[in-house]
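Q: Just dropping this structure here.
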Amino acid sequence: MKSPSSLVLFSLVACSGFVSAAVPLSSIKRVTNLPTASNRFIVEVDTAADIPSKRDSASLHERLYESIRARDIGFQVDKEFNEAGVFVGAALTLVDPADATALETSPGVKAIRPVKVFPAPRPVKIHVITGLDDPQIPPDTESTHILTGVDKLHAEGITGAGIKIGILDTGIDYTHPALGGGFGPGHKVIGGFDLVGDDYDGSNTPVPDPDPLDQCNGHGTHVAGIIGADPLANPFNISGVAFSASLSSYRVFGCAGSVTDDVLVDALLMGFRDGQDIMTLSLGGADGWTESTSEVLASRLVERGKIITIAASNDGASGSWYSSSPGNGINVISVASLDNTVIPIQTATVQGAQHDPIPYFSLFPIPVTEPLPIFATSNDTTVVDDACNPLPDDTPDLSGFLVVVRRGTCSFVQKLQNIADKGGKLTLIYDNGSGFAAIDVGDFNATLIQADDGAFLVSEFVAGVPITVSFPQEGGLIQFPDDTGGLISAFTSYGPSNDFFFKPAVAAPGGNILSTLPVPLGSYGVESGTSMATPFIAGSSALLLSVKGKSQAVTSNARTLFETTAQTISSSHTDGDPLQTVTQQGAGLVNVFNAIHSTTVLSPGEFILNDTAHFNGKHTLTVKNTGNSQKRYSVRHVPAGTAVTFQPGTIFPAVGPVPLTTAAASVSFSTSSFTLAPGASRSVVATFTLPEGDESTFPLYSGFIHVATDVEDLHVSYIGLGASLINAQVLDDTDVFFGEKIPAVIDASGNFQTSPTNYTFDSDTGDFPVLLWRQAFGTPIFRVDLVDANVNFIPTISSRQVKEDTGTPITFPRVRLGGTFARVPIIGSILEVDFLTRNNEDPNDNGFNTVAFDTPTFANGTTIPNGLYKYLIRSLKVTGDSSKEEDFESWLSPIVGVFA
Ligand SMILES: *[C@@H]1O[C@H](CO)[C@@H](O)[C@H](O)[C@H]1NC(C)=O
Ligand SMILES: *[C@@H]1O[C@H](CO)[C@@H](O)[C@H](O)[C@H]1NC(C)=O
Ligand SMILES: *[C@@H]1O[C@H](CO)[C@@H](O)[C@H](O)[C@H]1NC(C)=O
Ligand SMILES: *[C@@H]1O[C@H](CO)[C@@H](O)[C@H](O)[C@H]1NC(C)=O
Ligand SMILES: *[C@@H]1O[C@H](CO)[C@@H](O)[C@H](O)[C@H]1NC(C)=O
Ligand SMILES: *[C@@H]1O[C@H](CO)[C@@H](O)[C@H](O)[C@H]1NC(C)=O
Ligand SMILES: *[C@@H]1O[C@H](CO)[C@@H](O)[C@H](O)[C@H]1NC(C)=O
C-alpha cells in the first residue's frame with residue numbers, strides 16, 4: 001500500500017483552479033503499466049460440466065488441459081486449485097496471451113480472470129530503535145484495548161483460546177519470545193507454509209518451502225503480535241487481542257515486492273483446508289470493483305463458515321471511490337484504521353535547570369548513560385536553514401556534546417552529516433512548527449523533539465547555563481497523547497466500491513500501534529496502517545468465536561454484529577463538526593465487549609441506498625431483545641458528514657481528506673419507540689429522503705439509524721449517492737494532468753501524436769505507438785478496437801508490453817457485446833480490460849495508464865495487415881449497459897499507419 005505522503009498533483013489543482021503541465025511527458029515509460037500480469041490467468045472450472053476426454057478416467061483438470069490443448073492453445077500450469085464446492089481451477093500462463101479468448105470459450109470453463117498484482121503491505125509510519133529489555137508483569141492497560149472493550153474481555157478471561165487464525169502476510173518471526181519462540185504443534189504459531197520464499201517479488205517464480213519464518217521484512221510479525229503477543233513475555237506489556245488463539249502463517253510475500261492473485265488463492269485454499277476459523281490479509285491495492293479472483297474466493301469462504309478480515313488500504317489521500325482489492329470481496333470484513341490515542345515514546349531529563357522531561361520520538365531509550373552537555377548549531381531559534389551548510393570552522397569538536405538543531409529547509413540527513421563532520425554523534429532535532437512524529441534519519445543517531453523543548457535548550461545554551469541532558473534507561477517511557485488520536489486515520493482508503501458495496505465495514509486501532517518485529521530487526525516497533533487495524537478485527541473475531549462458538553450462524557453474522565455494536569466516530573476534535581463519512585469509517589470503531597455481551601440484536605448492519613438512478617429508499621431493520629428483562633427502545637437518525645466526492649466543476653474526485661458538508665438525508669420510521677419482552681423481536685421500516693445537493697459533486701450521504709435503550713445503543717449504517725453514477729465521466733479528456741489533452745497516442749519520439757504517423761513496430765528502434773489515458777472514474781469495460789482510418793463514427797471525446805515479456809496485453813476481447821455497441825464497424829479488437837480502477841492523483845503511483853502496442857497484432861494474435869487505421873477506445877460508464885453504444889465514452893486516435 002502506498003504512503004499518503006506521495007500525493008501532490010490534484011491538491012494543487014484543488015486549491016488554485018487548474019494548474020497544467022504538471023507531469024512531463026518524458027516521464028512516461030513506453031511500457032504497459034496495467035495492474036495485471038500480462039499472460040497469466042486464473043481459470044475456474046465448472047465442476048458439473050461434462051468435459052469430453054479420450055480417457056474416461058481422466059481427472060477434471062486433465063480434461064480441462066486436454067480440451068485447451070485441442071484448441072491449439074500453448075500453456076503452462078502454474079498452480080492447480082481443487083477445493084470441491086469452493087474453487088476448482090488452475091492458474092495458467094499462456095504462451096500466446098492472445099489465446100485468452102479461445103480459453104474463455106473452452107468447454108467447462110466457468111470464468112477466466114487475469115492475475116492481478118498486489119503491492120507489498122507497506123506501513124504508513126514505522127519507528128524501530130535498537131534496544132534493551134526490562135520484563136514486567138502485565139495488566140491489560142493497552143490504550144487500543146481500552147478503546148474497544150478488549151481489556152474488559154481479557155479481564156473476564158476471554159482471550160481467544162481454541163480459535164485458529166491464519167495470517168496471509170510476509171511470514172512470522174516465531175522465534176520471538178512474545179510469539180511463542182517456536183513453530184509447530186504446541187507453540188503459539190502452530191503451522192503454516194511459505195508459499196513464495198525470500199526472493200519472491202511478485203514477478204518471478206515462487207520457491208515454496210514449509211517454513212514461514214520471516215526475519216527480513218517484519219510486516220507479518222507486527223501483524224501477528226497485534227493478534228497474539230504473549231503479555232507475559234514482553235517488556236511493554238503488549239497483549240495480543242486474542243493472545244490464546246493459535247496462529248498459522250501463510251507467507252505470500254518475499255522480503256520485498258508484490259504478490260499475485262494466484263498465490264493468494266492458493267494460500268486462502270490452504271488455510272481453508274487447514275481448518276482456520278479466521279483468515280486475515282493486511283494487503284491490497286486500489287481496485288474499486290468486487291470481481292478479482294481472490295475477492296470472489298474470499299467472499300465464498302465466508303459463505304463456507306469462515307471469517308475473513310482484509311485491510312481497506314492506505315490510499316485515503318486519493319479520495320473517494322478508491323476502495324481496495326481483495327478487501328472489496330462482498331462478504332469479507334474490510335477494515336478501516338483509527339489513530340491510537342497515545343504513542344509510546346521516551347523522555348530525556350535536564351540537569352542544571354528546571355524543565356519537564358523532554359519527550360523524544362523513540363520506543364527505546366537512547367543507549368547513552370552519561371549526562372551530556374549541549375551544543376546548539378544556531379543561537380537563533382527562528383533560523384530556517386539551521387545546519388544546512390557546513391558548520392563554521394570555529395565549531396568545537398562535537399563528539400562530547402548532545403547537538404541541538406532546528407528542523408527546516410534541507411533534509412535531516414544533510415544536517416546530521418554537517419554535524420557529523422564536526423564529530424557530532426548524537427543530535428536532537430527540534431521541530432520548526434507544531435510537528436512531532438517519527439522521522440527518518442538514516443544511520444545517524446538523532447530523533448525529533450518538540451519546538452518548545454528545543455527553544456528551551458537553545459536559550460539555556462545562549463545564556464551560558466551549563467546544563468546537561470540525560471537519557472534514563474528505565475522509567476522514561478511515556479504514553480504521549482496523539483493529536484489525531486481517536487479519529488479515523490487520514491490514510492484509510494475511502495469507499496464505496498463502484499458497484500456501491502459498503503466498504504470499509506468497521507474501524508479498529510491502526511495508527512501508531514506498538515507490536516512485535518522480527519528479533520534481527522529490533523524486536524519491537526510502532527507502525528501505522530490499515531494493516532495494523534485488520535489483525536485487530538481478526539483477533540476480535542477470535543474472541544467472539546471463543547464465546548459464541550464457530551457455527552455458521554455466528555461466523556456469517558460477525559460483520560453485522562461488529563457493525564451494529566460499533567462506536568461512531570467524529571470527523572475532527574472540533575465541536576460541531578459532523579461524524580466522519582461512513583465511506584471512510586464504515587460503521588465506526590469496533591467495540592468487542594459490546595459485540596459479545598449486547599443483549600439486543602440488530603440487523604442488518606448496512607443499508608445501501610445506491611445512486612439516484614437505482615435509489616432504494618425503503619429499508620427494514622429488525623430488533624431482537626435477547627436479554628431477560630423487558631426493554632424500551634427508541635429509534636433515531638444521526639447523519640454523518642456528506643462527502644463531496646468530486647471537486648466542484650471538474651471531473652476529478654476530491655483528494656483526501658474528502659470535504660464534508662452537513663447536508664443530510666432525512667429519515668422517517670414506521671415507529672420510533674417500542675417495548676420488547678425478553679426474546680421478542682420486531683421490525684421497523686426506515687424511509688429515506690435525500691436532500692438537494694449539487695449532483696456534479698457526487699455527494700455521498702451516509703449516517704446511522706440508532707436503536708437504543710437507556711443502557712444500550714446499537715446502529716445500522718447507511719450510504720447513498722445524491723447523483724447517478726452513469727453521469728460520472730469515466731475517461732479523462734482534459735489537459736490537467738499532462739498539460740495536453742488526453743487520451744493520446746505517444747509516438748516513437750515520446751510526443752503526443754497529432755498527425756498521421758506510420759510505425760514499423762520494430763522493437764529495436766522502439767518505433768511503435770503507446771496509448772496513454774486516465775480513468776477519471778472506474779470502468780467495467782475498457783476496450784480498444786482498430787477501425788478504418790476513414791471510419792464514419794463520432795466519438796464522445798473529440799480529437800484534435802504487458803510487462804517486458806510479451807506482446808499485446810490481454811485481458812481478452814469478448815464476443816458478447818451486442819446491441820448498438822456492435823453496430824460500430826471495427827476491423828478487429830486490440831484490447832479489453834474489465835473492471836479497471838480509476839487512476840489517482842499521483843504520477844508515480846497509479847496516476848495514468850499506458851499500453852505499449854509493441855507488436856502489430858490484434859488481441860487474438862493475428863497480424864494486422866499493413867494499412868492506415870485509427871484506434872477507437874471505449875470505456876463503459878458505471879451502471880451502463882454494455883450493449884448500448886451510448887453508455888460508453890469513446891475517443892478516436894489520429895491515423896496510425898501500420899507498416900511492419
Ligand atoms: C507493565 O505493567 C506493570 C505492572 O502494572 C507496570 O509496573 C509497568 O510500568 C508496565 N510497563 C510498561 C512498559 O508499561
Ligand atoms: C519546517 O520545515 C519543513 C522542511 O523544510 C518545511 O517544509 C516547513 O514549511 C517548515 N515549517 C515551518 C512552520 O517553518
Ligand atoms: C551512534 O551511537 C553509537 C553509540 O553511541 C556510536 O557507536 C555510533 O558511532 C553513532 N553513530 C553515528 C553515525 O554517529
Ligand atoms: C551563541 O551563544 C554562545 C553562548 O552564549 C556564544 O558562545 C556563541 O558565541 C554564540 N554564537 C554566535 C554565533 O553568536
Ligand atoms: C447498485 O445498483 C447497481 C445498478 O442497479 C447494481 O448493479 C449494484 O449491484 C447495486 N449495488 C448494491 C450494493 O446493491
Ligand atoms: C505512411 O506510409 C504510407 C505508405 O507508404 C504513405 O503513403 C504515407 O504518406 C505515410 N504517411 C506518413 C505520415 O509518413
Ligand atoms: C483475429 O481477429 C481478426 C480481427 O478481428 C480477424 O480478422 C481474424 O480472423 C482473427 N483470427 C483468428 C485466428 O480468429
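Cβ atoms here come from the backbone N, Cα and C positions, even for glycine.
TrEMBL: automatically predicted annotations, no manual curation.
Computed from a predicted structure; not experimentally measured.
Feature annotation from TrEMBL assigns active site, charge relay system to D169, H219, S531. The domain 'Peptidase S8/S53' annotation in TrEMBL covers 160-588. What TrEMBL records for 383-447 is domain 'PA'. The feature domain 'C5a peptidase/Subtilisin-like protease SBT2-like Fn3-like' is assigned by TrEMBL to 609-716. According to TrEMBL, the signal peptide annotation covers 1-21.
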Q: In angstrom units, rounded to an integer, how far apart are the Cα atoms of S531 (active site, charge relay system) and H219 (active site, charge relay system)?
A: 9
Q: DSSP says what for the domain 'PA' (383-447): how many helix, strand, coil residues?
A: 12 helix, 12 strand, 41 coil
Q: In DSSP terms, helix, strand or coil for D169 (active site, charge relay system)?
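A: Going by the DSSP assignment, D169 (active site, charge relay system) falls within a strand, counted as strand.
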Q: Give me the DSSP three-state residue breakdown of the domain 'C5a peptidase/Subtilisin-like protease SBT2-like Fn3-like' (609-716), ordered helix, strand, coil.
A: 6 helix, 58 strand, 44 coil
Q: Expressed to the nearest Å, what is the distance separating D169 (active site, charge relay system) and H219 (active site, charge relay system) at their Cα atoms?
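A: Taking the Cα atoms only, D169 (active site, charge relay system) lies 7 Å from H219 (active site, charge relay system).
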Q: Determine the mean pLDDT over the domain 'PA' (383-447), rounding to the nearest whole number.
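A: It averages 93.
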Q: Look at the active-site residues D169, H219 and tell me which residue has the greatest number of other C-beta atoms within 10 angstroms of its C-beta.
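A: Of D169, H219, the one with the most crowded Cβ is D169.
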